[in-house]
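Visitor: Can you keep this structure in mind? I'll have questions shortly.
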Amino acid sequence: MASILPASNRSMRPDKNTYERKRSVYVKNPYLEGMDEDILYHLDLGTKTHNLPAMFGDVKFVCVGGSPNRMKAFAQFMHKELRLEGDGEDIEDICAGTDRYCMFKTGPVLSVSHGMGIPSISIMLHELIKLLHHARCCDVTIIRIGTSGGIGIAPGSVVITDTAVDSFFKPRFEQVILDNVVTRSTELDKELANDLFNCSREIPNVPTLIGHTMCTYDFYEGQGRLDGALCSFSREKKLDYLKRAYRAGVRNIEMESTVFAAMCGLCGLRAAVVCVTLLDRLESDQINLSHDVLLEYQQRPQLLISNFIKKQLGLCDQMS
Ligand SMILES: O=P(O)(O)O[C@@H]1C[C@H](O)[C@@H](CO)O1
Ligand SMILES: O=c1cc[nH]c(=O)[nH]1
């Protein structure tokens with residue numbers, strides 16, 4: 001039977017930090033407290049092997065994205081932007097003991113890769129959220145910086161997601177738990193989305209908008225592409241579907257935002273999704289950008305998030 005768990009249903013127990021108005025990172029699992037040790041297997045970290053509060057206690061911003069190289073480049077970029085010591089080129093992968101994900105820390109910013117698709121980001125988020133909880137982090141903002149296919153907007157546009165929707169344009173994420181389907185809310189933090197949009201106004205030549213983001217389970221058939229190994233629908237059906245998505249408010253398509261919004265919302269993380277579009281899906285299916293253009297497009301969300309983080313840290317005036 002399906003049930004809705006609203007994102008506002010946040011705490012399992014009273015927040016010990018209520019008086020300081022701090023926002024903790026919650027885990028909603030009664031079994032965790034009774035565990036002697038928690039091994040974060042896919043991150044190659046653990047509560048007995050690592051001093052998580054010392055390593056991560058000061059983290060305030062977590063940025064996640066599919067590709068390990070992109071997330072390393074973002075960490076190096078942030079290192080420079082925050083004017084931290086050294087050039088940041090030799091930044092170490094904290095998860096070097098596993099090749100599932102990579103993680104880099106630069107000042108209060110953590111940069112983590114999540115691979116492609118809902119199952120991959122979901123595993124990473126379970127362990128990342130436990131990590132932040134064990135490290136006693138508070139007031140954490142998490143942002144997915146990714147790539148996507150646009151609908152009816154110019155390639156290179158940056159979409160800040162107001163609501164993540166599924167393939168039926170519904171703001172929900174359906175998690176199969178045992179043999180039940182549990183439906184979770186995919187609302188994102190509207191204030192954060194607006195703050196990011198305001199920040200984007202200061203970046204010239206990068207068209208940026210707020211819109212719904214559709215999250216699919218597949219890049220090809222799941223996104224209505226005509227160029228996969230399998231295709232059982234016509235060009236007309238594809239265009240009809242994408243135009244209906246556009247009319248429902250969808251401006252881009254990717255593969256992680258619904259589970260990201262659902263899990264972060266339930267665990268007390270202020271969350272946003274910021275993706276650049278690589279093509280207009282009403283025009284084409286294949287991504288034929290040159291390497292340089294692709295690189296420049298991928299840097300657009302990074303530039304916006306870096307400006308936002310610097311503003312939040314009160315560093316912008318001193319640095320411009
Ligand atoms: O963060 P990335 O750029 O990996 O996100 C999108 C969605 C899929 O993971 C992938 C498909 O190319 O790109
Ligand atoms: O079309 C696209 C481009 C990037 N990522 C997606 O999921 N879809």
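Every residue, even glycine, has its Cβ placed from backbone N, Cα and C.
Below, the features straight out of TrEMBL:
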| type | residues | note |
| --- | --- | --- |
| BINDING | Arg100, Arg144, Ile145, Gly146, Thr147 | phosphate binding site |
| BINDING | Gln223, Arg225 | substrate binding site |
| DISULFID | Cys95-Cys102 | disulfide bond |
| DOMAIN | 60-309 | domain 'Nucleoside phosphorylase' |
Visitor: Among the recorded positions Cys95, Cys102, Ile145, point out the residue whose Cβ has the most other Cβ atoms within 10 Å, with all shown protein chains included in the count.
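Guide: When each Cβ's neighbours within 10 Å are tallied, Ile145 leads.
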Visitor: Sort out the sequence-distant neighbours of Gln223 (substrate binding site) for me: same chain, 6+ apart, CB within less than 8 Å of its CB, listed by position.
Guide: Gly149, Thr216, Ile253, Arg281
Visitor: Just jot down the residues in the same chain as Arg100 (phosphate binding site), at least 6 apart in sequence, with C-beta under 8 A of its C-beta; none if empty.
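Guide: Once residues fewer than 6 apart are set aside, Arg100 (phosphate binding site) is near His42, Leu43, Gly115, Ile123, Met124.
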Visitor: In the structure shown, which of the binding-site residues Thr147, Arg225 has the fewest other Cβ atoms within 10 Å?
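Guide: Each of the binding-site residues Thr147, Arg225 was scored by Cβ atoms within 10 Å; lowest is Arg225.
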Visitor: So what sits near Gly146 (phosphate binding site) in its own chain, CB-to-CB under 8 Å and at least six residues off in sequence?
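Guide: Same-chain residues close to Gly146 (phosphate binding site) (Cβ under 8 Å, separated by 6 or more) are Gly65, Gly66, Glu254, Glu256, Val273, Val274, Cys275, Val276, Pro301.
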Visitor: Could you check which of the recorded positions Cys95, Cys102, Arg144, Ile145, Thr147 is the closest Cα neighbour of Arg225 (substrate binding site)?
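Guide: Sorting the recorded positions by distance from Arg225 (substrate binding site), the top entry is Thr147.
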Visitor: Taking the Cβ of Arg144 (phosphate binding site) as reference, which residues of that chain separated by at least 6 in sequence fall under 8 Å from it?
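Guide: When sequence neighbours closer than 6 are ignored, Arg144 (phosphate binding site) has Cys63, Val64, Gly65, His114, Glu256, Ser257, Phe260, Ala271, Ala272, Val273, Val274, Cys275 within Cβ distance under 8 Å.
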Visitor: Using the residues the record lists for phosphate (Arg100, Arg144, Ile145, Gly146, Thr147), what whole-number Å value is the largest Cα to Cα distance?
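Guide: Maximum Cα-Cα distance: 20 Å.
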